[in-house]
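Single-structure report; data block below.
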Amino acid sequence: MGQEFSWEEAEAAGEIDVAELQEWYKKFVMECPSGTLFMHEFKRFFKVTDDEEASQYVEGMFRAFDKNGDNTIDFLEYVAALNLVLRGTLEHKLKWTFKIYDKDGNGCIDRLELLNIVEGIYQLKKACRRELQTEQGQLLTPEEVVDRIFLLVDENGDGQLSLNEFVEGARRDKWVMKMLQMDMNPSSWLAQQRRKSAMF
């Protein structure tokens, strides 16, 4: 599911100072004494239990962070991911989001891939209905969100979103940006987790 982010993207997001890195390491080791974060722990952080769509979405994020594909997140992968999420530019975050959405890794997002992601996000964001509404306050179904995104972003009408269409569509339209990035509100999520857990 999805592709991995590159170390170059994480590095381009900004440098981490040594003191901050040491603090992250202490917290990581306290929470993950084995030195690795497993899928079930990752899901627990997102409070994902039995919901299939939300579970698939979180698994996609996990795989995007799991650079070497060993089904765990080690400290270096953790740091690279946090650096990208917390400090990355809008373009880096959109590229990373695109890679999560592109489940089959073919470089394009089709309607079914986007629908699966939007359904998962709806499950994760049940309490945040505001984020799922249009400018007029209308709550759209996942299918309506996908239709509207394709209408606004699929420039060549081929039924697939390329990376360029994805990034440019988000830059052009505020609503599209909100919909394409509604999973990428990691700063507030991480702030909540910092209060609840020593992990972050």
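From the backbone N, Cα and C atoms, a Cβ is placed for every residue, glycine too.
According to Swiss-Prot, the Ca(2+) 1 binding site annotation covers Asp66, Asn68, Asp70, Thr72, Glu77, on the basis of sequence analysis. Non-local neighbourhood of Asp70 (Ca(2+) 1 binding site): empty, since no residue in the same chain at least six residues away has a C-beta under 8 Å from its C-beta. In the three-state DSSP scheme, Asp70 (Ca(2+) 1 binding site) is classed as coil.
Annotation comment: Swiss-Prot describes Asp102, Asp104, Asn106, Cys108, Glu113 as Ca(2+) 2 binding site, evidence class sequence analysis. DSSP assigns Cys108 (Ca(2+) 2 binding site) to a strand segment in the three-state reduction.
Marked as Ca(2+) 3 binding site by Swiss-Prot on the basis of sequence analysis: Asp154, Asn156, Asp158, Gln160, Glu165. Secondary structure at Asn156 (Ca(2+) 3 binding site), taken from DSSP and collapsed to helix, strand or coil, is coil.
What Swiss-Prot lists as domain 'EF-hand 1' is 14-31.
Swiss-Prot lists 53-88 with the feature domain 'EF-hand 2'.
Feature annotation from Swiss-Prot assigns domain 'EF-hand 3' to 89-124.
Marked as domain 'EF-hand 4' by Swiss-Prot: 141-176. Taken as a whole, the domain 'EF-hand 4' (141-176) shows an average pLDDT of 91 in this prediction.
As annotated by Swiss-Prot, N-myristoyl glycine applies to Gly2, with the evidence given as similarity to another entry.
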Report task. Work out the three-state DSSP category of Asp102 (Ca(2+) 2 binding site). Result -> coil
Report task. Please indicate, using numbers and ranges, the residues of the same chain that are 6 or more beyond the domain 'EF-hand 4' (141-176) and have a C-beta under 8 Å from a C-beta there. Result -> 90-91, 94-95, 98, 101, 107-111, 114-115, 118-119, 122, 132, 134-135
Query raised in the report: Listing them in sequence order, which of the binding-site residues Asp66, Glu77, Asp104, Cys108 have their Cα within 10 Å of that of Gln160 (Ca(2+) 3 binding site)?
Result: Cys108
Query raised in the report: Quick one: which residues besides Asp102, Asp104, Asn106, Cys108, Glu113 have a Cβ within 8 Å of the Ca(2+) 2 site's Cβ centroid, in sequence order?
Result: Tyr101, Lys103, Gly105, Gly107, Ile109, Asp110, Gln160
Query raised in the report: From the centroid of the CB atoms of Asp66, Asn68, Asp70, Thr72, Glu77, the recorded Ca(2+) 1 site, which same-chain residues not already listed sit within 8 A by their CB, in sequence order?
Result: Thr36, Phe65, Lys67, Gly69, Asn71, Ile73, Asp74
**Report entry** Among Asp66, Glu113, Asp158, Glu165, the one of these binding-site residues whose Cβ has the fewest neighbouring Cβ atoms within 10 Å
**Finding:** Asp158
